[in-house]
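According to TrEMBL, the active site, nucleophile annotation covers C47. Per TrEMBL, glutathione binding site is recorded for W90, R139, F140, T141, V142, E157, S158. Sequence annotations record features per position, and here TrEMBL assigns domain 'GST C-terminal' to 185-309. For Y208, the entry in TrEMBL reads active site, proton donor/acceptor. Taken from TrEMBL, the feature site 'Lowers pKa of active site Cys' applies to Y266, Y309.
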Amino acid sequence: MDRTAVADVSPTGAFARKASTFRNAFDANGAHPPEAHRYVLVVSLACPWATRCLAALRAKGLEDVLDVAVTHPVWGKTRPNDPNDAHAGWRFVKPGTVVTGPSGRGAFEADARCSATACEGAEFVRDLYEICGAPTEQRFTVPLIWDTLRKTIVNNESSEILRELNTKFQDFCSSDAAREVDLYPEHLRPKIDEINQWVYDDINNGVYKCGFAVSQSAYDEAVKNLFSALDRCEELLARSRYIAGDVFTEADVRLFMTLIRFDEVYVVYFKTNKKFIHQYEHMGAYVRELYQMPALRRATDFAHIKQHYFASHPSLNPHAIVPCGPNVDLDAAHGRDGPYPR
């Protein structure tokens, strides 16, 4: 069994992400009504798709409504006693425990943010998928929301989870200010949807197309599209404070989770080395502003990010050596307030 993203390539050598399987919504009259203390958001702090949901949960003041289970950042073999099952994926590890990567290399201690177990005593994210009868071709991905009453996954599509958290738990927000946060305002929805599409294709997923390409032509196409899209972001951010205008929205959350990993990981690991994000005048300042927002800062953990990418894929980094830099100063003044365009 090899159900990991590294294996998802087309005949031309291009990375081709599989679609999510669980796509249920929260509905007061349905199988999964919004309730406190019933659902668990399962995330990796390393994963950009998972942390977009974690940031939304923080922004909406739902920390005491949904529990959060955090995986260890480094993948491990999910059936270590089965020599015929080579699958490596997300695992839950007791803080203080030292583990190796899938190849047996490295030594990575679980920190205090890691969860020893998750729902139903699961030791691996894979366990949760198998408990609820996921199809055999399923990728065992995060994020996911687990229903502890029905013992099943509600949803594992990050874009949908983000919007569900934005609107479906309004009665449970911790404050009026959190309740008023709207990451998908109605008057900006067409623009947000349009931006989300090309940002997903060429940036969010684009970095993976670069890193997991197995042919030169696939890589060349992906890296061209990636930097064209980054240039487009730079132009937009010269005209407005946020990517969809003057209001912070889900489009910013989605873009940020890729940009914040770019200089620390993707430049080296995914060969996206034409330019660092901090070298862009407007986009570099934009990343600093967003990082300084509490909900986004709390969803960002560079130790988890770097350990995951550099230690989880033996085919890309067999010795699990984690680079030391570049350690960009994200607390420096951003200067993004003031009039636009610039």
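Every residue gets a Cβ built from N, Cα and C, even glycine.
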Most Cβ neighbours inside 10 Å, all chains, among the recorded positions W90, Y208, Y266, Y309: W90
Between Y309 (site 'Lowers pKa of active site Cys') and Y208 (active site, proton donor/acceptor): CA-CA distance (Å): 11
Taking residues W90, R139, F140, T141, V142, E157, S158, which bind glutathione in the record, the widest Cα spacing (Å, whole number): 16
Of the recorded positions listed as C47, Y266, Y309, the one whose CA lies nearest the CA of F140 (glutathione binding site): C47
Minimum Cα separation from T141 (glutathione binding site), reported as the residue among recorded positions C47, Y266, Y309 that achieves it: C47
Other C-beta atoms that fall within 10 angstroms of the C-beta of F140 (glutathione binding site): 20
PLDDT averaged over the residues of the domain 'GST C-terminal' (185-309): 99
Neighbour count (Cβ, 10 Å) for the residue listed as 'active site, nucleophile': 24
